[in-house]
Amino acid sequence: MKFFLILGFCLLPLIAQGKVFQRCELAAAMKKHGLSNYRGYSLGHWVCAAKYESNFNTAAINRNRDGSSDYGILQINSRWWCNDGRTSGAKNLCKISCSALLSSDITASVNCAKRVVSDKNGMNAWVAWRNHCKGRDVSQWIRGCRV
């Protein structure tokens with residue numbers, strides 16, 4: 001029994017960690033989940049946002065000065081979009097646990113991102129997108145990808 005307990009603790013980091021996508025792999029996954037031209041934003045915009053938000057890492061978590069945190073490949077914020085159980089006054093507009101956004105399966109992140117971008121601010125909700133992708137040629141982010 002002790003052996004299995006130790007084995008479980010050793011394997012937990014492997015099970016719990018997310019995934020770091022390759023650029024074209026992420027582009028294909030995002031396209032499969034319907035982000036290509038979603039709300040008028042090309043696939044290049046989504047891949048660019050993911051690069052600068054999380055470096056394509058689904059397990060990324062970053063704390064903000066206001067006490068909220070950003071989660072997952074698109075760094076979805078706990079103040080507005082998900083519930084992390086510790087952000088006071090959180091709205092949880094995606095009606096999802098923030099931990100669900102850390103999965104190697106990006107379905108939850110994409111579904112919540114669709115909700116975020118449907119808001120009046122669109123992709124302006126993502127600071128990294130505003131700073132690195134908005135108004136720029138983002139075709140480089142899908143160049144050479146079979147999407």
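Glycine is treated like the rest: Cβ placed from N, Cα and C.
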- Task: With reference to Swiss-Prot, specify which of the listed residues Cys48, Cys82, Cys94 is paired with Cys133 by a disulfide.
- Result: Cys48
- Item | Candidates Cys82, Cys94 - disulfide partner of Cys112 as recorded in Swiss-Prot | Cys94
- Message: On a simple 10 Å Cβ count over all chains shown, which one of the disulfide-bonded residues Cys94, Cys98, Cys112, Cys133, Cys145 is most densely packed?
- Response: Cys98
- Task: Can you grab the distance from Cys98 (disulfide bond) over to Asp119 (substrate binding site)? Cα atoms, rounded to a whole Å.
- Result: 19
- Which ones, of the recorded positions Cys48, Glu53, Cys82, Asp119, Cys133, Cys145, have a Cα no more than 10 Å from the Cα of Asp70 (active site)? Glu53, Cys82
